[in-house]
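Copied over from Swiss-Prot:
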REGION    1-138  region 'Disordered'
COMPBIAS  67-84  compositional bias 'Acidic residues'
COMPBIAS  89-101  compositional bias 'Polar residues'
COMPBIAS  125-136  compositional bias 'Basic and acidic residues'
REGION    174-194  region 'Disordered'
COILED    188-215  coiled coil
COMPBIAS  255-269  compositional bias 'Basic and acidic residues'
REGION    255-291  region 'Disordered'
Amino acid sequence: MRPSYNDDGFSDDEFTNSILTKRDEQDDSLESMTFGALNSAQNELLGKKKKKKSIQTESKKRKYSESESEEDSEDSEEESDSDSDAPPQENSSRGKTSRFQKNGEKKKRSKHAPAETSSKKPVSRIREIPGLKSSKESTLYTDIRFDPAYGKADLRKTRKDYAFLDEYRQSEVKSMETMLKDKKSGQMLSNRDREEIQLQLQSLKSRLDTMKNRDLEEKILADHKRNQIKGFKDGQQNNPYFLKRSDKRKLIQKAKFDSMKASQREKVMERKRKKRLGKEFRQLEFNQPRH
């Protein structure tokens, strides 16, 4: 007990002696404590500090998520009021609040979960479909020579400009034919290589034939047009006219027959006769009554 000023019987020496005895008693009690007790007390103090920190972080995260959800809801309401005709946007407020678990760790997102987008980002008019090529990608590496904006290509001009390729094709056909006929080169080739060469030879021959027929048709029609203009200028024809498709076909067939040899005409007539007979037989089989 601390002495008062009125207490005359308690001297200063006695007061100091009492304080020293109390300190000695406290030191004796600390000396008697073990290291295990001190360690457990320290761990308890650290655990309390960690709990306080985790509670503070959780409260901060909750406040942050709640503020974000409120902002997103306000933005979505404003956008819905401004653009009533626009497509609905995905609300990401639920996803943001449920992203964190109770212990504060981030949740693992499922790969089958729907896509989440921010409500602040405006929705595009053209919906982007994953896996589908956009118009930008399709027109990014196109050749301007074949752009439809420049109009249709002039086939006559291109055929005239690249007519020299027919000579290369004919020389290639001749080299393939000699390769197949030659016995030495034929022994070196396998059956698969031989079949590939034969297919290439057949495709080249058919391509040359189609080009020759096309050139012949264009020449026949150009001659007919020239004769019409000449007759109109001379006064033999009143008005030049455009041919129908059926008239064009008849004119081309007549000109082809005139340019053919006798053996070629017979082959063509025989092919047409067989085709007509097969058509008639099919009609007869179809018209027969079923039993």
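Just so you know, glycine gets a Cβ as well, placed from its N, Cα and C.
Within the chain carrying the coiled coil (188-215), a Cβ under 8 angstroms from the stretch's Cβ atoms is held by residues 159, 166, 169-170, 172-173, 176-177, 179-180, all 6 or more beyond its ends. With DSSP classes pooled into helix, strand and coil, the tally for the region 'Disordered' (255-291) is 31 helix, 0 strand, 6 coil. According to DSSP, the region 'Disordered' (174-194) comprises 18 helix, 0 strand, 3 coil.
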